[in-house]
Amino acid sequence: MQPRLVIAGTHSGVGKTTVTLGLMAAFVEKGNIVQGFKCGPDYIDPSYHRAVTKRASRNLDSWMVSEDVVNDIFIEGCNGADLSIIEGVMGFYDGKASTSDKGSTADISLLLQAPVLLVVDISGMARSAAAVVKGFQQLNEKVKIAGVILNGAGSERHAEMCSEAIKEACGIPALGYLKKGDVPSIPERHLGLVPALERGEHDSLFSQLAAVVSRQFDLERIERLALEASALSRRTNLFQQTKRPSVVKIAVAYDAAFHFYYEENFTLLRQAGAELVYFSPLRGEDLPSHCDGLYLGGGFPEEFADELSQWIKDHPQLKKRVQSGLPTLAECGGYMFLGEQLTTTKGKTVEMAGVIPMVVQMENKLVSLGYRDVTPLDDSFLLSKGQQIRGHEFHYSKAVYTETERPAYFVKGLFGEGKEGYMSDHLLAGYTHLHFASEPAVATQWVKACEVYKNRRLHRGQVSQ
């Protein structure tokens, strides 16, 4: 059994995250082991999920990876959990195109045969709420909208009126409601959000959400709905292959400045024979001297520019190690970190690692957002020329090269295409967050490159510690 629910919304901003976190917190308080998932490529909401459930949340994205792999990511993630709660993205039917459900929350709910709770903002309406729900039921009659959550109620009586209308016209119950002002607003998705989550600064918010949801939601009926979901079977052997004994160590920067990683990337690397060794530049920790590879993920280096600049001064071996051939993948924030300088939106410029001949300028507006089809322009330790992988891009900065650029990828998105990133024989870096499950061979290729580096290092007498 894999008890599960999808929390969907009529539109962005309707309260999906509030309801999701409230349910997670309430079920955790009841003693349940709760697993979080997020539809789409977003990293921020999974950070919330992790803060509440104490389990790594996983992304379910039917554009970046195949439907079979989405199915298996879900099965892999919910292992050991009593209940899985899947937070939707945008409106229920919003996906890759305006005429298709592909990539939408509805798409994921059908793929996983999961019952759906639809969050509806009932502000300023009564019976009309039933018309809204009816439309969502009828647009694709294959989906299973099993109940609704009413948000923005003016009073308990207002929620009752809408509930009665929906039950009569749509045949499904309202299983909970939130009145205006019931709970504090979820903090904006600003740069300091994840560090604040890691410090536990929002724990009181989660407790308030749990209290309100426990009082105003029918948790027993919601749990019964989740238990009605039929068991899923694995469709691939992607996460079932015999794990190779660890043969190399890959250092992974992991702290408030570097924390945007897809969990499947870690899973596939371990399966291929890598031991992941985590270190935190923000805590002043050294790059592990015994590592055979380096993974610098995304995050918010601009938020910690001074601290990272000082770490680079105190740890010059990072530049030396990367330039000496350490197989290194740097994505988005990690890419920025390896540049020569970073200039904040306030005009302050700090020195960065100086590995890549570029300067990074932070902007006050979004520079790039969207899915990417990625094709490497040449052979590297991770990808062969022409080998394809998929990923996602989201950043507020621009990279300006100070020498001739050596772009890593040709990337194609919905609204354009072009070259991006930087590469050498042992370094692959760019703004795109790569999803290894879209091309699983990359994990094996990286581990093989690390083995070559390790053997060369040992031959030079640098014995592994």
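Placed from the backbone N, Cα and C atoms, the Cβ positions cover glycine too.
Annotated in Swiss-Prot:
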type	residues	note
ACT_SITE	Cys332	active site, nucleophile
DOMAIN	249-441	domain 'GATase cobBQ-type'
SITE	His433	site 'Increases nucleophilicity of active site Cys'
CB contacts for the residue listed as 'active site, nucleophile' [other CB atoms within 10 A, all chains]: 27
Average pLDDT across the domain 'GATase cobBQ-type' (249-441), rounded to a whole number: 96
Protein Cβ atoms within 10 Å of His433 (site 'Increases nucleophilicity of active site Cys'), excluding its own: 24
Rounded distance in angstrom between the Cα atoms of His433 (site 'Increases nucleophilicity of active site Cys') and Cys332 (active site, nucleophile): 7
